[in-house]
Amino acid sequence: MEIIFYHPTFNAAWWVNALEKALPHARVREWKVGDNNPADYALVWQPPVEMLAGRRLKAVFALGAGVDAILSKLNAHPEMLDASIPLFRLEDTGMGLQMQEYAVSQVLHWFRRFDDYQALKNQALWKPLPEYTREEFSVGIMGAGVLGAKVAESLQAWGFPLRCWSRSRKSWPGVESYVGREELHAFLNQTRVLINLLPNTAQTVGIINSELLDQLPDGAYVLNLARGVHVQEADLLAALDSGKLKGAMLDVFSQEPLPQESPLWRHPRVAMTPHIAAVTRPAEAIDYISRTIAQLEKGESVTGQVDRARGY
């Protein structure tokens, strides 16, 4: 079995060595320009077109939960990967736990009004504030995939009313499920904290705009953990300035790194992190990929395959 690996920043030698330990019968190599030798599987992130074009691969693994970058390249270069070759994404590999940590900590931060207390501290004001109640602090999750399910699960223990919005109905315990555009308003109008975990598709680009934000309760919060292109940044800032939104926590941006001139840097009710909510953890990724390859070699059914038409 031949496996090729490409990532523009990862330590290729570490990955090659770890994969060979996990799959003793495999020969693994870092792909370099000019390497046209046969391969059975490819592990990639932002691969050059020539790496995959014309290869008779059994499968390709994208080294992340999001596959929008490789799908965008496939749209521009359909010859890059034959439609018959399955493309897999990393389903969890530790990302679920990271998303849980991030989402729970931020929801609690807002619920306990730590943002307000920080503002008071900056003014040297000692002023206890009225508490929020859990009943008025409904959390809505846009996107009900693997990561959305993990986040909902982690929030259940805290007693917040939970709801999710997705393209198909979910039957998660203790979570109200809303489906499609026709139920979006009903989902939004009782959502105090909006968590975005949608996939990046043509249908979701720019979805968090003024029309959507206007349907949230006054004083709502937005937590974006998915993709920067989901948010119309000017509309978000306008909602913050008007008081429609009380705060926003952003991990992803339309342009990364975020330009220094962006007003998001200076807005007092915007907090941000540099796209670190859930990063690929190599050891767990190796475990998932090696198990999946072993299952494929045995002809067993596997999960994590990308539906190219849907975009996730």
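Just so it is clear, glycine is given a Cβ too, placed from its N, Cα and C backbone atoms.
For reference, Swiss-Prot has these:
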{"type": "ACT_SITE", "residues": "Arg227", "note": "active site"}
{"type": "ACT_SITE", "residues": "His275", "note": "active site, proton donor"}
Pairwise Cα distance for Arg227 (active site)/the residue listed as 'active site, proton donor' [Å, integer]: 9
Lowest local Cβ density (other Cβ within 10 Å) among active-site residues: Arg227, His275: His275
